[in-house]
Amino acid sequence: MNYTETVAYIHSFPRLAKTGDHRRILTLLHALGNPQQQGRYIHVTGTNGKGSAANAIAHVLEASGLTVGLYTSPFIMRFNERIMIDHEPIPDAALVNAVAFVRAALERLQQQQADFNVTEFEFITALGYWYFRQRQVDVAVIEVGIGGDTDSTNVITPVVSVLTEVALDHQKLLGHTITAIAKHKAGIIKRGIPVVTGNLVPDAAAVVAAKVATTGSQWLRFDRDFSVPKAKLHGWGQRFTYEDQDGRISDLEVPLVGDYQQRNMAIAIQTAKVYAKQTEWPLTPQNIRQGLAASHWPARLEKISDTPLIVIDGAHNPDGINGLITALKQLFSQPITVIAGILADKDYAAMADRLTAAFSTVYLVPVPGTPRALPEAGYEALHEGRLKDSWQEALAASLNDVPDQPIVITGSLYLASAVRQTLLGGKS
């Protein structure tokens, strides 16, 4: 297979399985020599912020001299971004070879059991674990797909577990309450393994407290055990002070905006420090400073054009939209235009309501390239917004009607990805 055929093969697997357990991926991993049982891992979950935190953790540990694998989803520009080593995406040739190897293992299993198969995410996760072992990374930072306990990534014993926050999202899979969702996410907490979390809402904190009581895990919580006592905008980024029991690190800079990124970066620092302590690896304040300064993360309040001023953001649930609105009010004193595309399996009504209440000009558009896109009929019910056939049409209307207003495109990482690929290069 060539590269295009390889990516098409990966996407040919079913998206969901009838049962949410680890039997399929463990069977495939066993056929690959159980790479997930070898090496060191950091496991990261959370409704929002897990990608930003995982990215920053990897950058900080890379700055300390470690070779770091990073497994995330979804990709923004190219599939290869999902499996990176020292922030270099897996090369095309390496991806082709790795997929061929994992495919051969899968086909051997299917010769023994004709109806055996895995989901797309299970295949990619097994691929990531195998590739990281082949490249002998020092540590791999693994971002959960959805939830935690039954997620395909949850087949490892990490050095440290991370839970950024708990909010309502993926309710059909995880449940309709904070408590239910928190129980899924707390499923990555392992016996005796430290866990670093955000300042969780009370219902989620109660779940984690009960979990660590049974696992005997050390629990390090934002705003209790570590904090950001001081922060301010610094260009299109932030400068802040981090504090924990070891003292303060001042004037840290990160190229990310939004108050919630202060929490994510603090979680990343604390996680890296816990990892270093657990593995007796030297980690200096300068490593932390250098790693955070490099922690750009695409499609997270990312400015992709100055003239016109265009920002893309992957906020995809009501909690994420709340954080986005707060950040935009801090960033801009003038009116802004919002272009929002939301998936049908999200709480699109609440998201659209919050955006239209906060901003006078909101265009609603379909998310391209995914069967999960909200159909036009769903948008028509949201009468406050202006329905457009595409984000390109909404962008053109905004540039024509209010050419001097900043434009923010949000609602889904899939939409942010499509916009970024088109405006910054890649497929149209």
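Glycine residues also receive a Cβ, built from the backbone N, Cα and C atoms like all the rest.
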Candidates ASN34, ASN80, ASN97, ASN264, the one Swiss-Prot lists with GLY49, LYS50, GLY51, SER52, ARG300, ASP313, GLY314, ALA315, HIS316 as binding ATP: ASN264
Residue carrying N6-carboxylysine as stated in Swiss-Prot, selected out of LYS185, LYS277, LYS329: LYS185
Rounded to the nearest Å - Cα separation of ASN264 (ATP binding site) and SER73 (Mg(2+) 1 binding site): 17
Least buried by Cβ count (within 10 Å) of the recorded positions ARG82, LYS185: ARG82
Least surrounded among the binding-site residues, given as GLY49, GLY51, when other CB atoms within 10 Å are counted: GLY51
Among GLY51, LYS185, ALA315, which are recorded as recorded positions, the nearest neighbour of SER73 (Mg(2+) 1 binding site) by Cα: GLY51
Cβ within 8 Å of the mean position of the Cβ atoms of PHE75, ARG82, SER417: remaining residues of the chain near (6R)-5,10-methylenetetrahydrofolyl-(gamma-L-Glu)n: THR72, SER73, PRO74, ILE76, MET77, ARG78, PHE79, GLU81
